[in-house]
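The active site, phosphoserine intermediate annotation in TrEMBL covers S64. The Mg(2+) binding site annotation in TrEMBL covers S64, D276, D278, D280. Feature annotation from TrEMBL assigns substrate binding site to E370, A371, N372, R496, P497, S498, G499, T500, R505. The domain 'Alpha-D-phosphohexomutase alpha/beta/alpha' feature in TrEMBL is assigned to 51-97, 119-167. If you look up TrEMBL, you'll see 475-524 marked as domain 'Alpha-D-phosphohexomutase C-terminal'.
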Amino acid sequence: MDLGAITKHSALHAKPSGLTLQYGTAGFRSKAEHLDHIMFRMGLLAVLRSKQTKSTIGVMVTASHNPEEDNGVKLVDPLGEMLAPSWEEHATCLANAEEQDMQTVLVDISEKEAVDLHQDAFVVIGRDTRPSSEKLSQSVIDGVTILGGQFYDYGLLTTPQLHYMVCCRNTSGQYGKATIEGYCQKLSKAFVELTKQASCSGDESRCIKVDCANGIGALKLKEMERYFSQGLSVQLFNDGTKGKLNHLCGADFVKSHQKPPQGMEVKFNERCCSFDGDADRIVYYYCDADGHFHLIDGDKIATLISSFLKELLLEIGESLNLCVVQTAYANGSSTQYLEEVMKVPVYCTKTGVKHLHHKAQEFDIGVYFEANGHGTALFSKAVEVKIKQLARELEDKKGKAAKMLENIIDLFNQTAGDAISDMLVIEAILALKGLTVQQWDALYTDLPNRQLKVKVADRRVISTTDAERQALTPPGLQEAINDLVKKYKRSRAFVRPSGTEDVVRVYAEADSQESADSLAHEVSLAVFQLAGGIGERPQPSF
């Protein structure tokens with residue numbers, strides 16, 4: 001490790017004075033002009049991680065659903081999974097080191113992780129369509145090359161596509177070919193094979209409008225469309241030709257504002273969905289005959305997918321360990337439907353897709369979706385092998401069901417949530433079951449809910465347990481919440497500190513919107529009083 005050369009090049013990517021950033025679930029995110037030093041240093045870290053694991057490591061330059069002027073970066077581990085927690089800590093330490101401490105921090109990481117500095121390193125890089133992404137990618141490359149790492153720059157990719165590329169390279173092509181064509185072929189072949197089994201036909205059931213958030217998803221769907229064009233007609237909106245990334249459009253906007261994106265007219269009987277800026281989230285929606293907007297979020301996506309998987313498992317007579325993983329934000333009606341109607345076990349984890357992903361890996365088949373539409377289904381390697389064997393051996397209905405399962409396994413991008421992959425799975429299931437989007441939505445009715453934020457002097461005064469559903473501190477807060485919840489029917493509420501700012505997030509649900517709003521407000525007041533609220537006291541706003 002040529003520490004002198006690193007110091008010299010680091011000075012060209014100097015850290016702004018006083019800036020401190022934390023590597024979170026989504027890596028680093030900030031205004032693009034603050035990130036040059038972060039990108040250079042993550043290039044360095046990716047090389048060390050590659051040397052330690054003797055594997056290809058990925059670096060994705062994106063800020064997902066954030067505004068266009070933001071950017072960010074995250075590292076992808078060898079099997080396409082999120083960076084290991086211990087290396088998240090290294091990332092934060094390296095990112096915040098002052099220039100004079102850079103050498104010490106790099107040596108410390110290398111020694112702690114027993115990195116063989118003579119080992120070869122290979123890093124693959126992808127980026128989204130933000131104006132700042134190309135230049136920031138070059139800063140990553142500078143970091144990789146100064147530590148002697150080799151790299152391949154894929155250029156414009158969705159975040160899930162980079163996860164896919166990393167997994168392909170580290171499994172010697174067993175997961176798929178590490179090219180865009182390989183990705184398109186794998187998913188589209190499985191989709192076409194799966195939808196051949198559908199009894200219903202006609203353009204009406206196979207047409208979907210897609211809001212691409214003026215992001216990378218539009219570009220990649222256009223590249224892919226020719227592969228499955230006979231099985232699905234896709235109309236693209238907010239495709240990046242005009243309009244800003246994630247501005248008044250995209251999955252996050254649609255979910256939080258409960259209305260269609262700008263630039264797309266939603267007519268009665270039309271099935272629509274929205275991606276986020278880097279195409280790792282998806283939500284569905286439609287308008288009824290009266291023009292009312294209906295959102296189908298990650299909870300209902302998980303319900304549709306897990307229900308279908310259970311039906312196929314019953315058909316082939318396999319009692320595999322299938323479960324759904326949710327967070328505390330999952331609507332209570334979805335949990336009740338899964339557990340009581342579908343008899344599918346449900347587990348709750350802390351908020352953040354990495355927590356859901358790790359929990360889902362504990363089961364034969366783990367389905368997870370955050371309410372925001374980020375999720376996938378994970379199949380253990382043993383289940384993959386078994387299903388593919390059954391697809392070859394079984395005949396009649398059982399053989400057909402096993403082949404469907406085999407196609408679904410291939411169709412899911414199991415390395416991470418993937419809006420394109422998820423959309424194709426959903427479209428295939430709707431076609432196979434002959435379901436309209438309205439019938440899907442009617443599986444259960446969401447309990448009315450409300451989310452609020454309370455500004456506090458220090459969010460760290462809030463600590464939680466039981467997957468963030470119970471507050472441990474400050475004293476008396478959980479007791480106050482319990483007393484408030486007793487006042488309303490079918491109600492629950494919880495609070496959790498934000499991971500990025502000094503606010504406390506409040507969630508409440510109840511049997512009516514009025515009750516949910518009232519409960520959320522009362523819990524907000526309790527937080528303000530007991531957890532050091534600052535500024536104006538929370539006011540009823542509904």
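Here the Cβ of each residue, glycine as well, is placed from N, Cα and C on the backbone.
Unlike curated entries, TrEMBL annotations are predicted automatically.
According to DSSP, the secondary structure content of the domain 'Alpha-D-phosphohexomutase C-terminal' (475-524) in residues is 21 helix, 13 strand, 16 coil.
Take the recorded positions S64, N372: by the count of other Cβ atoms within 10 Å of each Cβ, the lowest one is N372. Within the same chain, the residues at least 6 positions away from D278 (Mg(2+) binding site) whose Cβ sits under 8 Å from its Cβ are M60, T62, A63, S64, H65, D128, T158, T159, G215, I216, G217, listed in sequence order. Of E370, N372, P497, G499, R505, all annotated as binding-site residues, the residue with the shortest Cα distance to D276 (Mg(2+) binding site) is N372.
It is G499, among the binding-site residues P497, G499, whose Cβ has the fewest other Cβ atoms within 10 Å in the structure shown. Cα of N372 (substrate binding site) to Cα of D280 (Mg(2+) binding site): a distance of 10 Å. The CA atom of E370 (substrate binding site) is located 12 Å away from the CA atom of D280 (Mg(2+) binding site).
Calculated from their C-alpha atoms, the gap between D280 (Mg(2+) binding site) and G499 (substrate binding site) amounts to 20 Å.
When Cβ atoms from all protein chains are considered, those within 10 Å of D276 (Mg(2+) binding site) total 35, not counting its own. Helix, strand and coil counts under DSSP for the domain 'Alpha-D-phosphohexomutase alpha/beta/alpha' (119-167) come to 23 helix, 13 strand, 13 coil. In this view, R505 (substrate binding site) is surrounded by 20 other Cβ atoms within 10 Å of its Cβ, with every protein chain counted. When averaged over the domain 'Alpha-D-phosphohexomutase alpha/beta/alpha' (119-167), pLDDT in the model lands at 97. Overall, the recorded substrate-binding residues E370, A371, N372, R496, P497, S498, G499, T500, R505 cover a maximum inter-Cα distance of 19 Å. A Cβ within 8 Å of the Cβ centre of S64, D276, D278, D280, the residues given for Mg(2+), is found for these other residues of the same chain: T62, H65, D128, T158, T159, G215, F275, G277, A279, R281, H374, A419.
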